[in-house]
There are 2 protein chains.
Amino acid sequence: MDKFWLYLSIGASILSIGVALYLFFWVKKQPEGSPKAKEVASWIRDGSRTYLKRLYRTLILVVVILGFLIAIVFSFDLSKISTSQVAVVPINGLVMSVSFILGALCSAIAGYLGMSVAVEANVRTATAANESINKAFRLSFYAGSVMGLAMVGLAVFGMSMIFLITKDAESILGFSFGASTLALLAKAGGGIYTKTADIAADLVGKVEVGIPEDDPRNPAVVADNVGDNVGDVAGMGADIFDSYVAAVVAVMILGASSARLGLNYVVLPLIICSLGILASLIGIQFVRVGKNGKPGPALNRGTVITTISFAVMVSAFVLATSVNLGVIWATITGLGAGVIIGITSDYFTSDDRKPVFRTAEVSQSGAAINIITGFSYGLASIVPSVIGIAVATLLAYYLAEVNGLAGIYGIGISAVGMLSISGMIVSADAYGPIVDNARGIAEMSGMDHHVIETTDVLDAAGNTAKAITKGFSISAAALTVLALFAAYAEVVTASGLQVNMSLREPIVVVGILLGLMTPPLFSALTMLSVTENAFAMIEEIRRQFRERPGILAGTETPDYDACVDMAAKGSLSSLLWPALIAVGLPLLIGFVLGPNALGGFLGGSIFTGVIFALFMANGGGLWDNAKKYIEAGNFGGPGSDAHKASVVGDTVGDPFKDTAGPSLNTLITVMSLVASLFAPLIAAFHLF
Amino acid sequence: MDKFWLYLSIGASILSIGVALYLFFWVKKQPEGSPKAKEVASWIRDGSRTYLKRLYRTLILVVVILGFLIAIVFSFDLSKISTSQVAVVPINGLVMSVSFILGALCSAIAGYLGMSVAVEANVRTATAANESINKAFRLSFYAGSVMGLAMVGLAVFGMSMIFLITKDAESILGFSFGASTLALLAKAGGGIYTKTADIAADLVGKVEVGIPEDDPRNPAVVADNVGDNVGDVAGMGADIFDSYVAAVVAVMILGASSARLGLNYVVLPLIICSLGILASLIGIQFVRVGKNGKPGPALNRGTVITTISFAVMVSAFVLATSVNLGVIWATITGLGAGVIIGITSDYFTSDDRKPVFRTAEVSQSGAAINIITGFSYGLASIVPSVIGIAVATLLAYYLAEVNGLAGIYGIGISAVGMLSISGMIVSADAYGPIVDNARGIAEMSGMDHHVIETTDVLDAAGNTAKAITKGFSISAAALTVLALFAAYAEVVTASGLQVNMSLREPIVVVGILLGLMTPPLFSALTMLSVTENAFAMIEEIRRQFRERPGILAGTETPDYDACVDMAAKGSLSSLLWPALIAVGLPLLIGFVLGPNALGGFLGGSIFTGVIFALFMANGGGLWDNAKKYIEAGNFGGPGSDAHKASVVGDTVGDPFKDTAGPSLNTLITVMSLVASLFAPLIAAFHLF
C-alpha cells in the first residue's frame with residue numbers, strides 16, 4: 001500500500017513540475033513590448049541574476065563544507081556507542097550527504113525558475129496592462145504559479161525519491177536541512193538586499209530630493225526593483241519550501257517512531273501534499289478576472305477553492321482508505337488556524353479598522369507617536385494569532401488522541417495540512433512582486449499613465465495576498481517547529497537517553513533562556529545590516545546626485561550598477577553571523593549543556609521566534625497601510641506633516657516585515673533541524 | 001534559634017525605619033528658599049499629592065474587593081478536599097486577608113514617605129545648589145535614602161511580624177500579593193502619568209513652539225515634574241518593594257517545603273535582608289562629595305561599599321552559625337549577576353560606546369534609521385543580560401546542590417541576595433527625580449544660571465543610577481519569579497497533585513503560548529494609554545496657546561492644573577485592563593486549563609516578560625543618550641536634522657523605558673503570586 005502511495009505522490013509531483021514548466025514557456029512566449037521597456041527590464045533581470053549567481057556561489061561553499069561534515073559524521077554508526085564498538089558505515093554518511101545536497105538543489109532550482117520567470121513576466125505584464133487588466137493579471141498570476149507549482153513539485157518529488165530508495169524517514173532530515181540552509185541564505189540575504197535598496201531609494205529619492213517612486217533618475221531604482229525579485233520571490237519561495245519539507249519530515253519521523261502507527265503513516269504526509277498539489281491545480285483555474293474584474297477577490301477565490309477542494313479530497317481519501325479519522329480533524333484544524341491568523345493579519349493591517357486608522361490619526365502629533373502606536377498595535381496583534389495557534393495545537397492533539405492516533409502526530413498533520421496548499425498560496429504571493437516590478441518598468445520606461453493605474457490596482461491586490469501569506473507562513477512554521485520539536489525528542493529517546501524537558505529542571509530553563517534571546521539577536525543582526533548597508537547606499541546616491549547634476553535634470557543616466565552591486569555584496573557578506581548563529585548555537589548548546597538543555601533551547605527559540613515574527617509582520621504591514629491611508633487624502637494627505645510622520649513609520653516597518661520578521665521562521669526551522677540531525681551524536685557526546 | 005533571628009530582623013527593620021524618619025525631618029528642616037521657588041514647589045507638591053490621593057482611593061477599592069475575596073476563599077480548609085469534608089475556618093481567611101491589606105499598606109506608607117520627602121527636597125536642593133554642589137547633593141541623596149530605608153524597613157518589619165504571629169510562610173504570600181497589587185497600580189499608573197506629561201510637554205513645547213525644557217510658559221510643565229515624582233519615586237519604590245517581598249516569601253516557602261532543610265532556612269531570607277539593611281546603612285555613609293567632587297562616583301562608591309560589606313556580613317554570619325555554605329555562594333552569584341547586567345546596561349547606553357554612537361551617527365539619515373538602529377541594539381542588549389541570568393541560575397543551583405542544599409532554594413537565595421542591598425540601590429535611584437525636579441524648579445522660578453548648571457551635573461549622575469537600577473530590578477525580578485515559579489509548583493504538589501510541566505505536554509505548551517503573549521499585550525495596553533492620553537493633552541496645550549496668547553508672551557500664567565488633572569485621570573482610568581489581565585488571566589487559565597497549564601502560563605509570561613523588560617529598558621536608555629550625544633554638539637548638534645531625528649527616537653524610547661518596560665516586572669510578579677496564592681483552590685477545582 002505505502003509503495004502505491006509513494007508512486008502516487010511522485011506522479012502528482014511530476015504533474016506539478018510539468019505544469020510549472022509549461023507555464024514558464026507560455027509566459028516567455030508573450031510579447032515583451034517597446035525597446036525602452038525591454039531595456040529597463042534587462043537591467044532588473046541582469047541585477048537579479050548577478051545577485052542569484054553570487055548567492056548560489058556562497059551556497060555552494062556552505063553546502064560543500066556542511067555536506068562534507070555530514071558525510072563524515074553520519075559514517076559512524078552511533079547505535080552501538082554504548083558498547084564502545086563504533087562501526088564505520090560510509091554509505092550512511094554518503095546517503096545523508098547526498099540527501100542534504102539534493103534538498104539545497106531542489107530548493108535552488110525552484111527559486112531559480114521562480115525568479116527567471118518573474119524577471120521575464122514583469123515587462124510582459126506592463127505591456128499587457130496597456131491592453132487590458134485581465135490579460136495583465138493572467139500573465140502575472142500564471143508567472144507566479146510557476147514558482148508555486150515548481151516548489152511543491154520538487155519538494156514532494158525529492159522527498160518521495162529519497163524515501164523510496166532509503167526507506168528511512170530520518171534520511172530525509174538531510175534533505176530538509178539542505179532546503180533550510182538555502183532558505184536561511186536566500187531569505188535573510190534577500191530580505192537585507194531588498195530593504196537596503198528600498199530604504200535608501202526612498203530616503204534620498206522621495207524625502208530628500210522629492211522625486212516619485214520608481215523614478216528613473218534615482219540611482220537606486222533598479223536595485224529596489226531587483227530587491228523585489230530576490231527578496232519577495234526567491235526568498236519567500238525558499239522560506240515556504242523550507243517549512244513545507246520540514247513539516248513533512250517531522251511527521252514522517254513521528255509516524256516512524258510512534259508504536260501505535262503503521263508504515264502507511266510515514267508516507268501519509270506525502271499523500272496529503274499530493275492532494276494539496278491537485279487542489280492547488282484546481283484552485284489556480286479559478287483565478288481569473290473579467291474586463292472590469294477585481295484581482296483581489298480573484299486571488300481569494302483561488303485560495304478558498306483550493307482550501308475547500310483540499311479538505312474534501314483529504315476527507316474522501318481518509319474515508320476511502322483505512323486511515324485514522326483523526327487525520328481529517330487535524331488537517332481541518334490546521335486550515336482553520338491559517339484562516340484565523342489570516343483574518344487577524346487583515347484586521348490589524350486594514351485601513352478600515354481601528355489599528356491602522358488610529359496610527360494614521362495620531363501621525364498628526366508626529367513620527368514618535370506614530371511609532372509608539374504602531375508598535376503597540378503590532379504587539380497586540382500577537383494575541384489572536386497566538387490563541388489561534390494554541391487552540392489549533394490543543395484541538396489537533398486531542399482530536400488525534402480521541403481517534404487513537406498519537407496526539408503529537410496530529411499536531412504535525414495539522415502543519416502539513418496547512419502547508420499542503422502552498423502551491424496556491426505561493427502562486428498568489430509571487431504574483432505581488434511581479435506586478436510591483438511591472439509598475440516600476442512602466443514608470444521607468446515612460447509608459448502611459450493608465451498603464452501605471454492598472455498596475456497600481458494589480459499591486460494593491462498583491463499586498464493583501466502578501467500579508468495573508470505572512471500570517472500563513474508564520475503559523476505553519478509554528479506548528480511545524482512544534483512537530484520538529486517532538487521529532488527531536490523522539491530521536492533523542494531513540495538514542496537511549498532519558499528525555500526530561502520539565503520547566504522545573506534548571507538546565508532546561510537555562511536552555512530556554514538562551515533560546516529566547518536567539519530570535520531577537522538574529523533580528524538585530526539582520527536589521528543592523530539593513531541600516532548599515534542603507535547608510536552606505538544613501539551616501540552613494542547623494543554622491544551621484546552631487547557629482548553628476550545631469551542625473552536629476554534627466555539628461556544623464558545614473559550608475560544603477562553601483563547600487564545593485566552594493567546591495568548584493570552588502571547583503572551576502574552580512575550573512576556570516578546570522579548563519580553561524582543558526583547552525584552553530586544549537587550545536588554548542590547541545591554538546592556543552594546536553595540534549596535536555598538543547599530541547600529547552602529549541603523551545604525558547606520557538607517561543608520568541610513566533611512572537612517576534614507575528615509582531616514584526618503585522619506591525620510592518622500596519623505602518624505601511626497607515627501611510628497609504630494618509631496618502632489617500634486623509635489627515636492632511638500627501639505632503640502633510642502627518643504624512644511625513646507616517647513615512648517614518650513605514651520605513652521602520654520595512655525591515656520588520658520584510659527582513660527580520662520572515663527570516664525568523666527559517667531560523668527556528670534550521671535550528672530545530674540541526675538539533676534533530678545531530679541528536680544521536682549529541683546524545684552520545686555532551687559535557688554536562 | 002529562629003526566634004532569635006526573627007527578633008534580630010525586627011530590630012534591624014526598626015532601625016531602618018528610624019533612620020528614614022530622622023532623615024525625613026532633617027530634610028524638612030533645611031531652608032526652602034525664595035518665595036517664587038516655594039510657590040513653584042507647591043504646584044508640584046499639590047499635583048503629586050492629588051495624584052497619590054486618587055491612586056490610594058483606587059487602591060482602597062481594589063484592596064477591599066480583593067481582601068474580601070481572599071477572606072472568603074481562605075476560610076475553606078482545602079487540605080481535606082479529597083475526603084469531601086470541607087471545613088470552614090474563618091480565622092485562616094481573616095489572617096490571609098489582614099496579611100494582604102498589611103502588604104498594600106506597608107508599601108503605600110513607604111511610597112507616601114518617599115514622595116512626601118521628594119516634593120520637599122526638590123526645592124531645598126535647588127536652593128542648596130545656589131550655595132554648593134556638595135550641600136545640594138547631600139540633601140537630595142539623603143532625601144532619596146528616606147524612601148530606600150523606609151521601604152526595606154517596612155518590608156522586613158511586616159513580614160517578620162506576620163511570621164512571628166502565624167508561624168506560616170504561606171500566610172506571607174498575602175502580604176506579598178498586597179504589595180504587588182499596589183505596585184501594579186503605582187508602577188503602571190505612574191508610568192503612564194509621567195510619560196503622558198513628558199511627551200506632551202516636549203512635543204508641543206520643544207518641537208512645535210520651540211521653548212526649552214521646564215519653561216514655565218508650558219502648560220504641561222508642572223504635570224511633567226509631578227510625573228517624575230509619581231512615576232520615578234513612588235512607582236519605582238513600589239516596584240522594588242514588590243520584588244523584595246516576593247523574593248523573600250518565595251524562599252521562605254521553598255525553605256518550609258523542602259524536606260532537606262530546617263526551620264532556620266525559613267527565617268534565613270529575613271536575616272539576609274537585615275544584613276542588607278545594615279550594609280546599606282554603612283554604604284550610605286560613604287556617599288559624599290567634596291567641593292568639586294563628582295556625584296556619579298560618589299553614588300557608585302556607596303553601592304560598591306554596600307555590596308562588599310553585605311557579602312562580608314553574609315559570609316561571616318554563615319560561617320559563625322551552622323548555616324549551609326551554599327548560601328554564601330548563592331548570595332554572591334546573585335550579586336555577580338546584578339553586576340553583569342549593570343555593566344551591560346552601561347555598555348548599551350553609554351555615549352562612548354558603539355550602540356549609542358552608531359545610533360547618533362545614523363540619525364543623520366533620518367528618524368527611521370535612528371529607530372531601526374536603536375531598536376536593533378535594544379534587542380542585542382538582551383543577550384549578555386540573559387546569559388548573566390542563565391549563568392546565575394545554573395551556578396546558584398549547582399553550588400547549592402553541591403553543598404547539600406536544595407538547588408532551587410539556592411536560586412531563591414541569589415534573588416534575595418541581590419535584592420537585599422535595595423536600601424542603597426533605591427536611595428541612589430530616588431535621588432534622580434529629586435534633582436530632576438530641583439532643576440525644573442530652578443528653571444521655573446528663574447534662579448541663577450549656575451544653579452541650573454549644578455543641578456544638571458547632579459541630574460547626569462541620577463540618570464546613570466537610574467539605568468543601573470533598571471538592570472538590577474529586572475534581573476532581580478527574573479530570579480525572583482523563577483523562585484516563585486518553584487514555590488508555585490511546591491504549593492501544587494502540597495495539594496496532592498502530580499505536577500507535570502514538561503515541554504512535551506501539549507497543555508503545558510499551550511499554557512506557555514498564552515503566557516508568552518501576556519507581557520506584549522500588557523505593554524501594548526500601557527503604551528497605547530500613553531499615546532492616547534498624550535494625544536489629548538497635546539490638544540489641550542495647543543488650545544491654551546491658541547486661546548490665550550499671553551501665555552507664550554510670558555504675561556499670563558498657563559492653566560497647569562488642567563494638564564495635571566488630565567494626566568492623573570487618564571493614567572488611573574487606563575489601569576482597568578492591565579489590572580484585570582494581571583489578576584484575572586492566571587485565574588482563568590488555572591481554573592479552566594488546570595495547574596499544569598497555569599505553570600506553563602507563568603513560565604511563558606516570565607520568558608517574554610524578562611526579554612521585553614530588558615529590551616525596553618536598554619533601548620529607551622540608548623535612544624535617550626543618543627539624543628544627548630547629539631545635543632552635546634556632535635553630528636550637527638542641537639537643531640540639526642540629526643538632532644530632530646534623535647528626538648523622535650528619544651520620544652519613542654520614553655514609554656519603553658519608563659512605562660511598559662518597568663511595569664513588566666510587576667506584572668510577572670503579580671501573576672506568579674496570584675498563581676501561588678490560589679494554587680490549592682485551582683488544584684481542587686479545574687475544568688481540564
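A Cβ is built for glycine as well, from the same backbone N, Cα and C atoms used for every other residue.
TrEMBL labels come from automatic prediction, so no person has curated them.
Copied over from TrEMBL:
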SITE      B:Lys466  site 'Determinant of potassium independence'
TRANSMEM  B:6-27  transmembrane segment
TRANSMEM  B:55-74  transmembrane segment
TRANSMEM  B:94-119  transmembrane segment
TRANSMEM  B:139-165  transmembrane segment
TRANSMEM  B:171-189  transmembrane segment
TRANSMEM  B:265-287  transmembrane segment
TRANSMEM  B:326-348  transmembrane segment
TRANSMEM  B:369-400  transmembrane segment
TRANSMEM  B:406-426  transmembrane segment
TRANSMEM  B:509-538  transmembrane segment
TRANSMEM  B:600-623  transmembrane segment
TRANSMEM  B:667-687  transmembrane segment
Contact yes or no, the transmembrane segment (B:94-119) and the transmembrane segment (B:406-426), 3+ Cβ pairs under 8 Å, gap 6+: no
The transmembrane segment (B:406-426) and the transmembrane segment (B:369-400) contact flag, 3+ Cβ pairs under 8 angstroms: yes
Distal contacts, the transmembrane segment (B:55-74) - CB-CB under 8 A, six or more residues away: 92-97, 100-101, 104, 108, 174, 178, 181-182, 185-186, 189, 230, 234, 572, 575, 579, 583, 677-678, 681
In three-state DSSP terms, the structure that B:Lys466 (site 'Determinant of potassium independence') belongs to: helix
Seg_contact(the transmembrane segment (B:600-623), the transmembrane segment (B:369-400)) with at least 3 CB pairs under 8 angstroms, min sep 6: yes
Sequence-remote partners of the transmembrane segment (B:139-165) [C-beta within less than 8 Å, at least six residues beyond its ends]: 6, 9-10, 12-17, 19-21, 23-24, 26-27, 30, 99, 102-103, 106-107, 109-111, 113-115, 117-118, 120-121, 124-125, 128, 171-172, 175, 179, 233, 237, 240-241, 244-245, 248-249, 252, 266-267, 270, 273-274, 276-277, 280-281, 284, 287, 299, 422-432, 434-435, 438, 458
Same-chain residues at least 6 beyond the ends of the transmembrane segment (B:369-400) whose Cβ lies under 8 Å from its Cβ atoms: 324, 326-327, 329-330, 333-334, 336-337, 340-341, 344-345, 347-348, 355, 358-359, 362-363, 406-411, 413-414, 471, 474-475, 478-479, 482, 610-611, 614-616, 618-620, 622-623, 626, 645-646, 648-649, 652-653, 656
Residue numbers, six or more beyond the limits of the transmembrane segment (B:326-348), whose CB comes under 8 Å of its CB atoms: 268, 272, 307, 310-311, 314-315, 318, 355-356, 377-378, 380-381, 384-385, 388-389, 391-392, 395-396, 399-405, 409-411, 413-418, 420-421, 464, 467-468, 470-472, 474-476, 479, 617-618, 621-622
Same-chain residues near the transmembrane segment (B:509-538), Cβ under 8 Å, at least 6 residues beyond its ends: 188, 191-192, 195-197, 199-200, 203-204, 220, 223, 503, 563, 566-567, 570-571, 574, 577-578, 581-582, 585, 589, 593, 596-609, 612-613, 616, 655-656, 659-661, 663-664, 667-668, 671
All-chain count of other Cβ atoms within 10 Å of B:Lys466 (site 'Determinant of potassium independence'): 23
